[in-house]
Amino acid sequence: MNEQSQAKSPDTLRAMVAGTLANFQHPTLKHNLTTLKALHHVAWMDDTLHVELVMPFVWNSAFEVLKEQCSADLLRITGAKAIDWKLSYNIATLKRVKNQPGINGVKNIIAVSSGKGGVGKSSTAVNLALALAAEGAKVGVLDADIYGPSIPTMLGAEDQRPTSPDGTHMAPIMSHGLATNSIGYLVTDDNAMVWRGPMASKALMQMLQETLWPDLDYLVLDMPPGTGDIQLTLAQNIPVTGAVVVTTPQDIALIDAKKGIVMFEKVEVPVLGIVENMSMHICSNCGHHEPIFGTGGAQKLAEKYHTQLLGQMPLHISLREDLDRGTPTVVSRPESEFTAIYRELADRVAAQLYWQGEVIPGEIAFRAV
């Protein structure tokens with residue numbers, strides 16, 4: 001231990017680290033890390049500064065930014081030769097719509113919705129779920145798009161069928177680390193679902209409540225597109241924590257996205273923000289970026305309804321090819337720029353869920369990542 005470090009008490013070291021962290025700013029932080037009480041542990045050993053943070057939402061991508069921006073300052077002011085960073089989670093269980101009772105084992109339900117089909121809602125839901133898992137969370141997906149259940153195909157699990165360990169409940173299908181269920185596991189491609197709204201809604205509620213979900217931090221709910229009876233019924237009856245609305249920059253998609261936001265507001269489901277999908281087409285040959293569906297629409301929509309633009313997702317052939325193969329980009333290309341974008345989206349969604357919500361005491365589980 002050098003003289004500089006000997007002169008520092010544990011309280012002094014902690015104050016130095018806390019002061020540096022207090023200056024760190026990031027889109028996922030409504031308040032700074034010190035105010036959030038994220039600094040869990042500071043220690044000194046063999047000229048190495050050990051810093052552990054505990055966050056109430058997934059934050060791994062932002063954590064990498066923190067290390068990059070703050071390490072040099074901490075080395076300079078503490079005299080340490082190295083820093084050992086550690087991130088752990090206390091994933092918070094947040095208040096559900098209308099204080100409904102939760103689903104056994106599930107902390108938070110995130111509804112992914114769109115006002116119309118064809119905007120990439122399901123692909124966004126799948127990659128968001130995988131990105132949340134990649135950030136360190138326990139995640140599940142329920143495919144509520146009963147008339148077009150595409151999640152099994154996107155996850156390469158279309159040939160699997162759920163089992164019932166007790167004759168009453170279904171065990172979820174595990175795929176790429178996600179616990180999943182879908183009406184697509186129960187019917188063949190040749191059998192179209194012709195149920196009316198009430199029957200479809202009842203079936204989906206049964207799937208949600210009678211699936212033996214493992215302990216999940218986040219359950220991503222891939223909603224049916226549109227704002228009709230079935231969507232309204234699901235939004236009213238499922239204990240959702242928050243909703244994400246997916247759109248494209250195209251004017252007609254934005255019109256329908258408005259309807260989705262208004263629907264959630266009417267049933268008192270917090271809208272976490274908007275995801276602008278296909279915001280930029282990227283040529284696979286030359287890399288040229290072109291906004292073929294227009295620009296700026298989702299940002300204006302977010303401002304009008306006082307919500308967040310959570311992310312702008314590109315349109316690239318590899319994203320489609322990966323889904324067609326049943327190996328979404330987040331798992332098949334973990335180091336790609338597209339995966340980085342989805343992981344940043346996951347951080348923003350989880351953070352917005354936390355900042356907009358109300359923590360339910362006694363429903364927080366500690367877990368290191």
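Placement of Cβ uses the backbone N, Cα and C atoms for every residue, glycine included.
Swiss-Prot has this to say about the protein:
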type    : residues                                       : note
BINDING : G115, K116, G117, G118, V119, G120, K121, S122 : ATP binding site
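Under 8 Å, Cβ to Cβ, and six or more positions away along its own chain, G118 (ATP binding site) finds P225. Sequence-distant neighbours of G120 (ATP binding site) (same chain, 6+ apart, CB under 8 A from its CB) are V246, T248, N277, M278, M313. In sequence order, D143, D145, S150, I151, M154, D222 make up the list of same-chain residues 6 or more apart from S122 (ATP binding site) whose Cβ falls under 8 Å from its Cβ. Among the listed binding-site residues, namely K116, K121, the Cβ with the most fellow Cβ atoms inside 10 Å is that of K121.
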